[in-house]
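Asker: Okay, these came from Swiss-Prot:
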COMPBIAS  355-366  compositional bias 'Polar residues'
DISULFID  Cys122-Cys201  disulfide bond
TOPO_DOM  1-55  topological domain 'Extracellular'
TOPO_DOM  77-88  topological domain 'Cytoplasmic'
TOPO_DOM  110-124  topological domain 'Extracellular'
TOPO_DOM  146-167  topological domain 'Cytoplasmic'
TOPO_DOM  189-221  topological domain 'Extracellular'
TOPO_DOM  243-254  topological domain 'Cytoplasmic'
TOPO_DOM  276-299  topological domain 'Extracellular'
TOPO_DOM  321-366  topological domain 'Cytoplasmic'
TRANSMEM  56-76  transmembrane segment
TRANSMEM  89-109  transmembrane segment
TRANSMEM  125-145  transmembrane segment
TRANSMEM  168-188  transmembrane segment
TRANSMEM  222-242  transmembrane segment
TRANSMEM  255-275  transmembrane segment
TRANSMEM  300-320  transmembrane segment
Amino acid sequence: MVPEMSERQEFQASEFAYLLENSSYDYGENETYFCCTSPPCPQDFSLNFDRTFLPVLYSLLFVLGLLGNGVVAVVLLSQRAALSSTDTFLLHLAVADALLVLTLPLWAVDAAIQWVFGSGLCKVAGALFNINFYAGALLLACISFDRYLSIVHATQFYRRGPPARVALTCVAVWGLCLLFALPDFIFLSSHHDNRLNATHCQYNFPQEGRTALRVLQLVAGFLLPLLVMAYCYARILTVLLVSRGQRRLRAMRLVVVVVVAFALCWTPYHLVVLVDTLMDLGALARNCGRESRVDVAKSVTSGMGYMHCCLNPLLYAFVGVKFRERMWVLLMRLGCPDQRGHQRQPSASRRDSSWSETTEASYSGL
């Protein structure tokens, strides 16, 4: 997926071309005019909405996402010798989210004015966006599976295996995401729309390719990771519910938030895209009012999905006690005074324990 502005413009252009190709004229005695298709719907409302809404939203998400994920990466790297498997996945997740939001200023310019960066950067920006879109979802699934093995089966899959096992898993995730992004390198290009008198970064393939790409995004970028997370955390909750102690109750609340946040951020977008795809395929009737509402809904719900990049630092790092302790240590190294007062500081051995031993997560809070 790339931000929805380009995809909508591409469909409008193809719709206009189809209209020209399928028009017929009858200059008979009465000089009548006949056209077999309806004219394209006016898009003034949705385009004006995008020009106002998307640049503001993308700019805000760029600042918050880069700052939050940057802090997570710095804190994790400051203690990289003591990183657990979950912490390593979180580091890669922070990098993926940061790289995704790095492309948002380009899409903000595309929405506000037009694409002014050429076809080369169009391909790179689109591929970078999609690589990190898929990586974010798949890394969350890896974290869920790691926690599931550790808590439900008391198996330290990565800790007791070869040291490179977690690194190889991350390499496999990035390689798979690069494979998923190949259509961006091949089919994305800057295209001038004569009807709109503007250039946009968009896909150049037929409707069948557009539908296939959307199915890939839905299955690989949402449904499969969500199913893995839901199953793993449902089993984790089953184990935690039969345990006692406030620490385990806090962990139970956190694992619920993990699945709920991912689902709430991305489900609306994929439902809207499903409706739009059904309209393209003719399964749902298309009219100008519905098309305009779907266009606006795609812009709003895609923004909700990108917000997940900003939530990840809060959900997977800042709620963890161990993360906050290490962040304070890093700040004190930089010369900041310790503002924690006389709070009790837990021993390092307890904070570094794995879930299978104390059921407390690494400082991700998972």
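Keep in mind that glycine also has a Cβ here, set from the backbone N, Cα and C atoms.
Remember, predicted model here, so these are calculated numbers, not experimental data.
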Asker: Can you name the far-off residues of the same chain, 6+ from the ends of the topological domain 'Extracellular' (110-124), with a Cβ under 8 Å from a Cβ of it?
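Answerer: The answer is 3, 5-6, 50-51, 54-55, 58, 184-185, 188-190, 198-201.
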Asker: Would you find the one among the disulfide-bonded residues Cys122, Cys201 whose Cβ has the most company, meaning other Cβ atoms within 10 Å?
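Answerer: Checking each of Cys122, Cys201, the winner is Cys201.
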Asker: From the DSSP assignment alone, can you count helix, strand and coil residues within the topological domain 'Extracellular' (276-299)?
Answerer: 18 helix, 0 strand, 6 coil
